[in-house]
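Below you'll find the structure, written out as structure tokens, and then a few comments.
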Amino acid sequence: MKLWKTASRFLPLSFLTLFLTGCLGEENLTALDPKGPQAQWIYDNMILSIIVMALVSIVVFAIFFIILAKYRRKPGDDEIPKQVHGNTALEITWTVIPIILLVILAVPTITGTFMFADKDPDPEVGDNTVYIKVTGHQFWWQFDYENEGFTAGQDVYIPVGEKVIFELHAQDVLHSFWVPALGGKIDTVPGITNHMWLEADEPGVFKGKCAELCGPSHALMDFKLIALERDEYDAWVEGMSAEVEEPTETLANQGRQVFEENSCIGCHAVGGTGTAAGPAFTNFGEREVIAGYLENNDENLEAWIRDPQSLKQGNVMPAYPDMSEEDMEALIAYLRSLKVME
């Protein structure tokens, strides 16, 4: 009775856990809907493992319940059962079967390990292979397109159907680079260079995250990977590489002056101007989110500029609580004007 009372308390929690599995959140942040060869391999092997575990569980529990029902002690049955001290056939069987199951799991695992470790460019792409240097900062991502000669922040663009090589670094603490829909995760470690490759099967926007606890705003260290058709990707690269023109609108041009006078250019590069202490702003006006998770609208942008610590604790962005409304409006107009795609 006591056991049943204890179980009845935890049973609702078990069902609650089952229901919570439906709270997946954003559909582009899941490994269960693969959009690339790496992610597909991970998904297929996960399904294979589940099938193997399910078959083993079914067989083991079936034998368990059959024996429990057939050979359980009955009332008045005091006879001592026949004592068995070994069965060679059974022992061989329950040794060979696990070996076979392990081989079934080991072969694709080893094959995939070598596939993931292959960092050579795709022969079909050759010299057009995209190389991206990824640097993890608290709490944002920097993407350097070394062959093209420019830097992007928070949003990383790749061409569809091509193997893209990533070189991973960390500026401060341990991070982990992960785009669930396209592949597995890999750590970025201070002082150590890691490599990986990803490929997208179709155009789309795929959410990425830091998958290693790195500080108070770790959960907000998100980014987006945008996969484009090759011609669109080339147009984006051309726009990012071009010299940034002065804004044509008066308000945005005033905002550019506010941007420079408040030393924003000292941290946020625009085109080839500025440094990479913070995310590059060359295409800021095209981003869907700011600070990794906030919708890119005027209200959120002003709140971020005035008090970034209230929105993302532990970041190094200075606050500008006393900036006038006129300067703030002009600065936001300037940031909105920073686009490279029509």
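Quick reminder: no glycine exception, Cβ is built from N, Cα and C everywhere.
Taken from Swiss-Prot, the feature region 'Cytochrome c oxidase subunit II' covers 23-249.
Under the heading transmembrane segment, Swiss-Prot lists 51-69 (among others). When Cβ-Cβ distances below 8 Å are used as the criterion, the transmembrane segment (51-69) is approached by residues 101, 104-105 of the same chain, each at least six residues removed from its ends.
The topological domain 'Cytoplasmic' annotation in Swiss-Prot covers 70-89. For the topological domain 'Cytoplasmic' (70-89), same-chain residues at least 6 beyond its ends with a Cβ under 8 Å from one of its own Cβ atoms do not exist.
For 90-108 (among others), the entry in Swiss-Prot reads transmembrane segment.
A strand conformation is recorded for C210 (Cu cation binding site) in the three-state DSSP classification. In the shown protein chains, 27 other C-beta atoms lie within 10 A of the C-beta of C210 (Cu cation binding site). The Cu cation binding site annotation in Swiss-Prot covers H175, C210, C214, H218.
Per DSSP, the domain 'Cytochrome c' (250-342) is made up of 43 helix, 6 strand, 44 coil. For 250-342, the entry in Swiss-Prot reads domain 'Cytochrome c'.
Residues 41, 44-45, 48-49, 52, 56 of the same chain lie 6 or more positions beyond the ends of the transmembrane segment (90-108) yet place their CB under 8 Å from a CB of it.
Cβ neighbour count within 10 Å across all protein chains ranks H175 highest among the binding-site residues H175, H218. Neighbours of the Cu cation site: apart from H175, C210, C214, H218, residues of the same chain with C-beta atoms within 8 angstroms of the site's C-beta centroid are G136, Q138, F139, V173, L174, S176, A211, E212, L213, G215, M221.
Summed and averaged per residue, pLDDT over the region 'Cytochrome c oxidase subunit II' (23-249) gives 90.
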